[in-house]
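Working notes, beginning with the structure itself.
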Amino acid sequence: LPLLLKATLLRLASGSYRPFYNGFYYNHIMNDNGDGQDKVDYFNGARLVVETSKDPVYSYNGANVTLPCHYRYEPDMGPKRKIRIKWSKLRDDYTKEQDVMVAIGKTYMAFGDFKGRAHIHQASRHEASLVISDVRLKDDGKYRCEVIDGLEDESDVVDLRLQGIVFPYQPPRGQYRLNFHEAEQVCQDQGAILANFNQLFQAWSEGLDWCNAGWLADGTVQYPIRVPRKPCGGVHLAPGIRSYGPRHRHLHRFDAFCFSSALKGEVFYLDRLAGMTLEEAKQSCQDAGAEIARVGQLYSAWKFLGLDRCNAGWLADGSVRYPIVTPRANCGPPEPGVRSFGFPSKGRFGVFCYKER
């Protein structure tokens, strides 16, 4: 990019450009005296309006998604003007922004993890939509579309939600052994990320009932209860999400609620007549041109691909589990779900493998 234009884009992304806004658009006119003093600005009668989708935009891991954003002038100002567009990703509490992209005309610059994955879509007049390709788990969240025209600066927010599944996770060491940073890591190790509150709430509304408290992405500790009972906050509390609030991210220890989305590949089951040890299971997956599946991949295959197998199999973390879509005799409880045998130190089982398409 030309140096001046690149500097302008970086300044816009840094947030240092915050023009004054009073609800109207003003033109800036220099006087003729050459003394650097300005004339009084005049009002041109046009107001800038920015609109995004009022409903959440849903997508899934690995997909391409468009976050709609359009702007207009009231009254209409005729031919399209050369405006500036900025997209940012927000925290749920709106206290911090992550730069995604800035654009002036047809020139744009993406930042961080969005480099090479994001661009502006302008198929129609006054469009400033954002296209994100190869959507990732951490792309889930709120995005601000900001349009800047001279002194006027207007924005609106759109919510991108990934279709996925929340699952509670305990490491082999047992219950309540993870601080926040360890919880982040174990979810990542399982092909997932720490869930946010909206994802946990959605899982609760779909039936998730879990009495062990776990970390969420914002550093709070919560757990979902569908059937109130004494060990889970008491029988007199209504169903809902129980919260311990923010906890110390280094000192306090709980479980984790992880979030995984749809898969780019497939999960399949392998077995031998005599079963396999964990190391033999890993090798069998490699021999099949795959890798041993992670917990998040098994949950995703169960939810999105209908994987139903009444045979226990090893997973990458050393646990043994199996997914049931249609409950039946000798396959565990009468509800669908992913059953767990824990982390057996010995034994011979089948294995669940994962292969990219």
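Cβ atoms here come from the backbone N, Cα and C positions, even for glycine.
The record in TrEMBL lists a disulphide bond between CYS232 and one of CYS211, CYS258, namely CYS211.
Counting other Cβ atoms within 10 Å of each Cβ, the lowest count among the disulfide-bonded residues CYS232, CYS331 belongs to CYS331. Note on the domain 'Ig-like' (46-158): DSSP counts are 6 helix, 62 strand, 45 coil. Between the C-alpha atoms of CYS310 (disulfide bond) and CYS232 (disulfide bond), the distance comes to 30 Å. Across the structure, CYS331 (disulfide bond) and CYS211 (disulfide bond) are spaced 23 Å apart at their Cα atoms. The Cβ of CYS211 (disulfide bond) has 14 neighbouring Cβ atoms from other residues within 10 Å, across all protein chains displayed.
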